[in-house]
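Colleague: Sharing the feature lines straight out of Swiss-Prot:
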- SER2: N-acetylserine (MOD_RES)
- CYS47, HIS68, CYS176: Zn(2+) 1 binding site (BINDING)
- CYS98, CYS101, CYS104, CYS112: Zn(2+) 2 binding site (BINDING)
- GLY201, LEU202, GLY203, GLY204, VAL205, GLY206, ASP225, LYS230, VAL294, GLY295, VAL296, ARG371: NAD(+) binding site (BINDING)
- LYS235: N6-succinyllysine (MOD_RES)
- LYS341: N6-succinyllysine (MOD_RES)
Amino acid sequence: MSTAGKVIKCKAAVLWEPHKPFTIEDIEVAPPKAHEVRIKMVATGVCRSDDHAVSGSLFTPLPAVLGHEGAGIVESIGEGVTCVKPGDKVIPLFSPQCGKCRICKHPESNLCCQTKNLTQPKGALLDGTSRFSCRGKPIHHFISTSTFSQYTVVDDIAVAKIDAAAPLDKVCLIGCGFSTGYGSAVQVAKVTPGSTCAVFGLGGVGLSVVIGCKTAGAAKIIAVDINKDKFAKAKELGATDCINPQDYTKPIQEVLQEMTDGGVDFSFEVIGRLDTMTSALLSCHSACGVSVIVGVPPSAQSLSVNPMSLLLGRTWKGAIFGGFKSKDAVPKLVADFMAKKFPLEPLITHVLPFEKINEAFDLLRAGKSIRTVLTF
């Protein structure tokens, strides 16, 4: 029996308050309005940014259905939707691409002017309303996606059709973590063959930076982390050296400068700490180095830096979603994965049923997982 045009009752993980566990609730998901798409979720990754929302360091209105790194199948579409049809495999996009605004038309940027849910989260779709309700009350959306639900509704500028043969429990990582890291290397920094790179932080995103540096042909990839247990995986994915700052008495940037004849060509901060952002900047060569901020810093914090750190020729950059224009890039990234141009499987350390979402967050907080994928 078709569910198109009808309210769907399903299970979702609802966060009612900050610092509290998710609760699995019976919710109602309204049909998509014009230019909206309702998706039956198949798999979703658990990302550190979701945990930032739980802790309150990343503001989002509550109660909400979180999750932003998922993949699923289109259940129904609203009036005017032409980019997907029911039955298509898709990835929701937390960084939309309208294709019409000034930024979408700019060749060097990817932050669509409709990305208000990232910069000024309202917890709603573009029309300002929610499609979720629970116990008779509206439930907020989360950055255009809300993948912690058996069904979700997104705007049609926030969804990408992908290869019908793609394994959704793998390519869901392309919805955030992998693309953010990989793109920071190949799209934002534009790592060059034979170059030297330093990657600060070896979580799922940091390891994806390592994959990007290797794919781009870097000759030396130095992985930096205080957890030595992460070094084996980093080397498996392409790191040539692994160092722990706690093993040295001098600042880590000085260690890296000595290892690389004055500094690396490219450095990446994938932790979200202000002190390591400065260390990453100073670890790249003062005359030609490029440093990329990848990690999301805590809200309402600012960074001070000596202008001389930049005046001689360093470049300091940052980007959301690896600098990729989402609707254009996601199908290509999925195709590249299918063509075995890069791996995703080594990033997935745990696969759990959706109902065990709180266990997945426990693994994340304990540093015991790289990526946990929840399946519906």
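The backbone N, Cα and C atoms fix where each Cβ goes, and this holds for glycine too.
Keep in mind that what you see is a predicted model, and the values were worked out from it rather than measured.
What's the neighbourhood like for these features in this structure?
Modeller: Secondary structure from DSSP puts SER2 (N-acetylserine) in coil.
The local packing around CYS47 (Zn(2+) 1 binding site), expressed as other Cβ atoms within 10 Å of its Cβ over all shown chains, amounts to 26.
CYS112 (Zn(2+) 2 binding site) falls within neither a helix nor a strand when secondary structure is assigned with DSSP, and so counts as coil.
For ASP225 (NAD(+) binding site), other Cβ atoms within 10 Å of its Cβ number 22.
Every protein chain considered, the tally of other Cβ atoms within 10 Å of the Cβ of LYS235 (N6-succinyllysine) stands at 15. According to its DSSP assignment, LYS235 (N6-succinyllysine) is helical.
Same-chain residues at least 6 positions away in sequence with a Cβ under 8 Å from that of LYS341 (N6-succinyllysine) are, in sequence order, THR215.
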Colleague: Fewest neighbouring Cβ atoms within 10 Å: which of the binding-site residues CYS98, CYS104, CYS112, VAL205, VAL294?
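Modeller: So among CYS98, CYS104, CYS112, VAL205, VAL294, the binding-site residues given, the one with the fewest Cβ atoms within 10 Å is CYS98.
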Colleague: Nearest by CA distance to GLY201 (NAD(+) binding site): which of the binding-site residues is it, out of HIS68, CYS101, CYS112?
Modeller: HIS68
Colleague: Express the distance between the Cα positions of CYS101 (Zn(2+) 2 binding site) and SER2 (N-acetylserine) as a whole number of Å.
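Modeller: A Cα-Cα distance of 36 Å.
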Colleague: Within its own chain, what residues at least 6 apart in sequence put their Cβ under 8 Å from the Cβ of CYS176 (Zn(2+) 1 binding site), listed in sequence order?
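Modeller: The answer is GLY45, CYS47, SER49, HIS68, GLU69, PHE94, PHE321.
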Colleague: If you draw a 10 Å sphere on the Cβ of HIS68 (Zn(2+) 1 binding site), how many other Cβ atoms land inside?
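Modeller: The answer is 26.
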